[in-house]
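Structure first, then comments.
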């Protein structure tokens, strides 16, 4: 992460650390789980990385796993922003991708959205992240730091680039990973994506990969 990127940086995003459901691939939106011990360790390893920036605002999803990640990174009291909550999977809450595919072959949230009356559509999530992006771009003086969730942040990255939300399907984001969004030669850009400090004694682990 070269330091010259700082001048172009508008948004730092962090996906929460691993939870009991993320490590087993279960889709988790409104179910309010906390971090596992491994998930807390993932978050704590990010702390020295995040210390290199001076955000003008620190936001977090209202959900416990994101708030605990912010706390472990040293941002106790981060502002709760409800629009950072995870995509609502509706009837698919708590299910794994293979379980969902047994009912709906080829399903992906970025195309079909959540299931049932409570499930959020791609259009609704796209509008939600567009509102967040407008607020971030209106700020001056430094980047915003946001703690949130895998699918929500992947959708946000796609819309940051001005692309259809479906691009998020190609932007994997592991638990305890961060991304840098900003401008490159005046154009919206992903400056870095899916960065994680290595676990002690080796490479970054596989806990919390998207299902």
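Don't overthink the numbers, they just go from 1 along the chain as shown.
A Cβ is built for glycine as well, from the same backbone N, Cα and C atoms used for every other residue.
A TrEMBL annotation is a machine prediction, not a hand-curated record.
Features as listed in TrEMBL:
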type     : residues           : note
ACT_SITE : 16                 : active site, tele-phosphohistidine intermediate
BINDING  : 65, 86, 87, 88, 89 : substrate binding site
ACT_SITE : 86                 : active site, proton donor/acceptor
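On the structure: features taken from TrEMBL.
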{"residue": "16", "record": "active site, tele-phosphohistidine intermediate", "contacts (Cβ under 8 Å, 6+ apart)": "35, 39, 43, 61, 63, 65, 66, 68, 69, 147, 148, 149, 175, 176"}
{"residue": "86", "record": "substrate binding site", "contacts (Cβ under 8 Å, 6+ apart)": "28, 29, 30, 61, 63, 148, 149, 150, 151, 152"}
{"residue": "87", "record": "substrate binding site", "contacts (Cβ under 8 Å, 6+ apart)": "29, 109, 113, 114, 120, 125, 149, 151, 152, 155"}
{"residue": "88", "record": "substrate binding site", "contacts (Cβ under 8 Å, 6+ apart)": "29, 30, 114, 118, 119, 120"}
{"residue": "89", "record": "substrate binding site", "contacts (Cβ under 8 Å, 6+ apart)": "27, 29, 95, 109, 114, 115, 119, 120"}
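Residue 65 (substrate binding site): 29 other CB atoms within 10 A of its CB, across all protein chains. In sequence order, 27, 28, 29, 30, 85, 93, 149, 151, 152 are the residues of the same chain, not among 65, 86, 87, 88, 89, whose CB sits within 8 A of the CB centroid for the substrate site.
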